[in-house]
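Per TrEMBL, the feature compositional bias 'Basic and acidic residues' maps to 24-36. TrEMBL lists 116-498 with the feature domain 'tRNA-guanine(15) transglycosylase-like'. Taken from TrEMBL, the feature active site, proton acceptor covers D193. According to TrEMBL, the substrate binding site annotation covers D193, S194, G195, G196, F197, D272, Q322, G349. Among the features that TrEMBL reports, active site, nucleophile is placed at D396. Annotated region 'RNA binding' per TrEMBL: 401-405, in sequence order. The feature Zn(2+) binding site is assigned by TrEMBL to C434, C436, C439, H465.
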Amino acid sequence: MSTFDIDRPAAGNDESPSALNEGNTHDVSRESKLSRNTDTVMRRGTPNVASEATLHAQTHSGTNSWNPAPSASGLLEHPLGAVKGKPADRSKFWFEQKTRLADSAKGLGRGGARYGRTGVLHTPHGDIRTPVFVPVATQAAMKGVLPEMMKDMGAQCLLSNAFHLFERPGENILDEAGGLARFENWDGPTFTDSGGFQVLSLGAGFKKTLAMDVTDMKSDDVIAPGRERKAFVDEDGVTFKSPLNGAEHRFSAEISMGIQHKIGADIMFAFDELTTLMNTRGYQEQSVERTFRWAKRCVTEHQRLTEARLGKPYQALYGVVQGANYEDLRRKAASQIASLDFDGVGIGGAIEKRIIGDICAWICDEMPESRPRHVLGIAAVDDIFACAENGGDTFDCVAPARCARNGAIYTRDGRYNIKRVANKRDFGPLEEGCDCYTCTHYSRAYVDHLLRAHEINGATLATIHNERFFIKLLDDIRDSIDGGYFDEFRDETLARYYAHGSKG
């Protein structure tokens, strides 16, 4: 075991219905057995009796107030390194590496390096075992699913979006509440995206971002129909119109840092410029340099705010590496970010799907191993394996929840549409062998009915299943790396998942 001291979400507005339910209409095999599972997981299908008893007592005690149960870890009220009257203690955030994949002739890194690894990310609000899936609670909430439910399904941490929280309720409200974790009653670590991704993607009307398949794609294919450009970049920052109310706003490195410090997540990202694969090489070069200049300003402002905001826990800052598909630009951007005093790195921007593993490896070649690596906006199963094998530690994406609301269900045998006619009389679970609350309590027919009737419980039950699928997938990847059978697990899982032509 080696220990190191440390020297964005998904695209689009999660409010809008997505076309991610892409018509994967095959039915999955209901007879197949569980893949090798070395993860010792609590059964998630059993209600938390203690929590329900507490809720009953509190709601029938003759008072009108709701008082949440105390934090199980104690870190919700008393995060590590937060001392009244003193600046945050940076030593409370660090990454501990455990097992790394062996290099091989097929390794994509320099000299055949494979950077996939397991580890523990220590934060003021608790530890995160990596690699891990980070569910996206965009506005400090997962639609239709309480934070306590996320904990029950095995989530270790949550990511919210600084842009959406800036829009409502406003960063000052979260600061007054004691930070993001206390505001949403989440007893664990939290992340926030910088807002740059949303400002530019929403402002320009982009409809695709990370891991694009660009075969036969034209420039118009990345712009949503009927969307005018509402974000304009200059050297200082971005001016944009709010998609919520049309108001004009300004984001810069300093403004983003100020907002994120008040939101109070354990891990936050530097303000960067989003580009698409359709931008010219010349513009990508300019964007890399601009993102580097913004990154330096973010570090300076972050350090100033850390010293000024006394009594707060330390908030780690990750720099974001851009550069699209160009190896030289990705390596240059990674070296630039590595030269600055960041706590970790975010792998961002538009990436062509076929080289997503290569891009992770190029970045890891240039990055100190002591810095944790977050892959922004990834949820296709093959992409997760490619990124995990080549150095990704943490992964976020809105796709599991967004797909769930549209009836797309992830299983080990691929993704299918719950709203197929055949499911109207299918009284089995969404997936045989799944340990999630939905699969141990409800049928396909019931979830199909709820979604067709536009009942919120349908979205809740489908979301619980999909989020559990990705949480467990990363848990199993982590176990396979520690257990020395990652290659076999990857090959078996991908062969089974894509056997029926599944997408995503």
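Cβ atoms are placed via backbone N, Cα and C, with glycine included.
Any TrEMBL annotation is an automated prediction that lacks curation.
Shown here: features listed in TrEMBL, placed on the structure.
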residue : record                 : contacts (Cβ under 8 Å, 6+ apart)
G195    : substrate binding site : N161, A162, F163, F166, F251, S256, I259, Q260, F271
Q322    : substrate binding site : D272, E273, L274, T275, Q284, S287, V288, T291, L329, A333, G348, G349
C434    : Zn(2+) binding site    : T411, T440, H465, R468, F469
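In this structure, D396 (active site, nucleophile) is part of a beta strand by DSSP. The record gives C434, C436, C439, H465 for Zn(2+). Within 8 Å of the mean position of their Cβ atoms, the other Cβ atoms in that chain belong to P429, L430, E431, D435, Y437, T438, T440, I464, R468, F469. Under the three-state DSSP scheme, G196 (substrate binding site) falls in the helix class. Distances between the Cα of S194 (substrate binding site) and those of the recorded positions D396, C436, C439 are shortest for D396. The candidate set comprises the binding-site residues G196, G349. Of these, G349 has the most other Cβ atoms within 10 Å. Under DSSP, residues within the region 'RNA binding' (401-405) fall into helix, strand and coil as 5 helix, 0 strand, 0 coil. According to DSSP, H465 (Zn(2+) binding site) is assigned to a helical segment. The two recorded residues, C436 (Zn(2+) binding site) and the residue listed as 'active site, nucleophile', show a Cα separation of 20 Å.
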